[in-house]
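*Asks:* Take a look at the following structure, please.
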Amino acid sequence: MFEVGEKYPVESSSSSNDIESRGVQPITSLKDNKSIGMIEKDNDDLSCEQYSTCDEVKRDLKARHVSMIAIGGTIGTGLFISTGSLLHTTGPVMSLISFLFVTTLAYSVTQSLGEMTTYIPVSGSFAQFITRWVSKSCGAANGWLYWFSWAITFALELSVVGQVIQYWTDAVPLAGWISIFFVLLTTFNLFPVKYYGEVEFWIASTKVIAIVGWLIYAFCMVCGAGKTGPVGFRYWRNGYAWGDGMIVSNNGKYAISFINGLINAVFTFQGTELVAVTAGEASPRAIRSAIKKVMFRILVFYVLCMLFIGLLVPYNDPKLTQDGGFTRNSPFLIAMENSGTKVLPHIFNAVIVTTIISAGNSNVYSGSRILYGLAQAGVAPKFFLKTNKGGVPYFAVLFTAAFGALGYLACSEDGNKAFTWLLNIIATAGLIAWGFISVSHVRFMNVLRKRGLSRDILPYKAFFMPYSAYYAIIIIFIVVLIQGFTVFWDFNASDFFTAYISVILFVVLWIGFHFFFYGFGKDSFKWENILIPLDDCDIDSGVRDINDAEFDVPEPKNVWERFWLLIA
């Protein structure tokens, strides 16, 4: 069996603590293929000028932090707000089908990440996996697009939080709320990551408790505890099961509704891959623990919520679209109001506000770490590597947060249209990232096979591999290709760019970086520069022996601790 430091010597276990104290693991520069992420133990005479990453992030996140960051980044606007748009457009049945379908994709992608990230835990890791095992230009393009999606998501969260607060009062203008949270979240992300992790843990814990409580409440209402009596599947009968869709014919309506539902659901699920982004600041075992619980969290926090929303709120409920549209009317609140509960909607709206703030916090954190990883790889300006005393890449934080200014688009008369525009860009960019995560994993497994190495060497072995990776690649390619095809029936330039701008941006970045690396000569079109040969794929740099990582898993002493061990 392959042992780290023997057949492919990269890092001996004896030096793991030295390396861990410095931050992220070594990465290969895209431009010169030199290690730029680590100062070797035997090279103490090397100066910081020779290694531009002397400023490094710190590995201060614990297992519960990592798991809750993944939850905190995903439970936000997508679940609490955009599910209303999904329900109205597609109906309860197609909404649930869309969620179940995207669940299979999210599970496949996170399992692929689990195998790669626990083996090579580096900050912003999956963009670097694409760089190592697909192509340098593809990795750079994907990394920038993925960063862009999180920067835009921050703008979307800012655009929504003020509108949710306006559920209570319009005394403060929307621009005022956007400005307040813009400054607060940007400032908070400049504090050391251990504070971020601890605050995010407790905020995300509030989300978890609130959702579990809402599910219990919803179950009681469906069974007849509310003023409407037993609801059951009332809104799944008599034409309520399917939304209006976009066209009249039934077959076409179902197909279009399903595609629209997928895009909306992908936006809701985006962030399940955040465990990989935190890899540079967490124990590898913490990553492994978080990956194992992805399916449980998805089923509880997404699928069950969508099921009960569809049971309690009819797709044509006027509250879904009145008074500002979907962004001000969460289906969670509508379900409570329809059941006759007076005070609980206000309490839960406070939870939603906290949730969106937390999600925005995670957006800036994730985007800044992705940008930091891009700078390490040599495809972003070097000043993004600068960190403060707390190990925070402050230039990366500020640049990522600056895109929050797009949140002011919500102040225009077409605020809801801007929300939909941002949502589609984010969802498509997220799908592209998911697709290349799966492509990277297929290449990773091929390299292992080429070297004669068994998957038994991996700290985490996923189920249904490699079949689920191929499944994700095929489905994602099809969805990205057809998700905007209705614009061609009655072509509109604005709708076209809304649907495909992420695809266009990715292609432009890919081509641009390809010529940046290889120029315009004959070498540019050599196959080995388009797709890295398996023999040249680097699966050695950054490898860690997971058994050497310090990680304590305390035994749960009571029911409460068992609950948190299950969740986080």
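Even glycines carry a Cβ here, placed using N, Cα and C.
These numbers come from a predicted model, not from an experiment.
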*Asks:* Transmembrane segment per Swiss-Prot sits at which of 340-360, 361-381?
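*Replies:* Based on what Swiss-Prot states, transmembrane segment spans 340-360.
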*Asks:* How about the transmembrane segment (469-489) and the transmembrane segment (255-275): at least 3 CB pairs under 8 Å, pairs 6 or more apart in sequence, or not?
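*Replies:* As far as Cβ distances go (cut-off 8 Å, pairs 6 or more apart), the transmembrane segment (469-489) and the transmembrane segment (255-275) touch.
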*Asks:* Looking only at the recorded stretches 145-165, 255-275, 340-360, 390-410, 419-439, which one has the largest tally of CB-CB distances under 8 Å to the transmembrane segment (89-109)?
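*Replies:* Ranking 145-165, 255-275, 340-360, 390-410, 419-439 by Cβ pairs under 8 Å to the transmembrane segment (89-109) puts 255-275 first.
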*Asks:* The transmembrane segment (390-410) and the transmembrane segment (201-221): do they have three or more Cβ pairs under 8 Å, with pairs 6 or more apart in sequence?
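*Replies:* Contact between the transmembrane segment (201-221) and the transmembrane segment (390-410): absent.
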*Asks:* Does the transmembrane segment (145-165) make contact with the transmembrane segment (390-410) through 3 or more Cβ pairs under 8 Å, each pair 6 or more apart in sequence?
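*Replies:* Between the transmembrane segment (390-410) and the transmembrane segment (145-165), which are separate recorded stretches, there is contact, as judged by 3 or more close Cβ pairs.
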*Asks:* Determine which residues of the chain contact the transmembrane segment (390-410) at the Cβ level, with the cut-off under 8 Å and only residues 6 or more beyond its ends counted.
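*Replies:* Sequence-remote neighbours of the transmembrane segment (390-410) are 23, 55-58, 60, 147, 150-152, 154-160, 162-163, 174-175, 178, 182, 185-186, 189-193, 327, 360, 363-364, 367-369, 371-372, 375, 383-384, 418-419, 422.
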*Asks:* Between the transmembrane segment (255-275) and the stretches 171-191, 419-439, 501-521, work out which stretch tops the count of Cβ pairs under 8 Å.
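*Replies:* It is 419-439, which has the most Cβ pairs under 8 Å.
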